[in-house]
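Presented below is the structure to which this report refers.
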């Protein structure tokens, strides 16, 4: 965006990775819903397309905001006029520095994961967000113990009803044919020869796109397709290496069989996970998929950034940080303007793309001395993704976020086919969750945006015999 606006200005892109993430197959599904793939491309492609962009492949060592200077890991210094920080976030690991704990957030760690899984008979997955959901569904031929702190799976995206709707897909034996992979892979030259250390999460990589697991061969050593056991309402209390576990003289559990009391495990595992519910399971390794923390560390030293409660750099409605000429976008920032009643920040690919685009518009407007309106994408929270091979659309306050007790839910569910939930407040639609091919996203988006009083329609709003789309066209 900046390169197009200012063809005669030098624009530097500083990145620790040899590849850049490009958005491809972009499709505007509706006013606020976007679908796209994220593809890795060599940075030279970007430089070819825009001659005024120069990619500097190095991490940032230090920022001196008062001098308008950035120092790179490889010893260079760059002077900037305007700077936008888009350094993303790091996986929030349950423990640091344990070789059996893998954090998944970027393409490098997904490759490390794949390498480990090929030898694995059992893994423990900790976390309940998007990556954990996709992971447990995609892994085959390996026992998965899934530890979640909530009562139901996927609670960042769903309520317990949606979780119930999805669970049968986890236990279904036959796996649909995997969709073909749309991502192009670039390996970093020479990286395959060197054995990667297991915990590759300390290296910065670029964040995973929404279809990150496609084309990765996620298969363990066993011949069955999926075996998942969920432990709810618990967290990891302690991780024991094999030697420590033997000294504990405790019993670890075998993979639970249907309706039976858990039996003691005969196998000796490399690592053991003790959960807060008192159970101990042995496994080959642990996947920590417990969310992310904004990657602000390289920029804080010597700079007085205002930082949000979630650890991100605070930005105002024009994506300015608290320091002059420095902007931030994506996972690293915390939206600190008064948000629309139907929007909230969530560290997702869709929002990172929107924020980056809007930050560039703001930087351009500031440079040209023009004023700019808040982008429409911040009017309504809207996200489309795929879980368990179902299309999933979430709109507005889809989990009644911030509405207190003053709301009601309406549901429609066809087992194995679709799950539709709307959140209503004072007769107005405030949010919706659509799982399956419902074709309701555009209609519901409009009903949420125009805040029309729907009290008169009552339950008929979700009546499958009424073509609601025609009704509100």
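Using the three backbone atoms N, Cα and C, a Cβ is placed for every residue, glycine included.
Annotation source TrEMBL lists domain 'FAD/NAD(P)-binding' at 21-184, 261-356. According to TrEMBL, the domain 'NADH-rubredoxin oxidoreductase C-terminal' annotation covers 386-451.
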Counts of helix, strand and coil residues, the domain 'FAD/NAD(P)-binding' (261-356), according to DSSP:
15 helix, 29 strand, 52 coil
Which whole-number mean pLDDT does the model give the domain 'NADH-rubredoxin oxidoreductase C-terminal' (386-451)?
92
Run through the domain 'NADH-rubredoxin oxidoreductase C-terminal' (386-451) and tell me, per DSSP, how many residues are helix, strand and coil.
10 helix, 32 strand, 24 coil
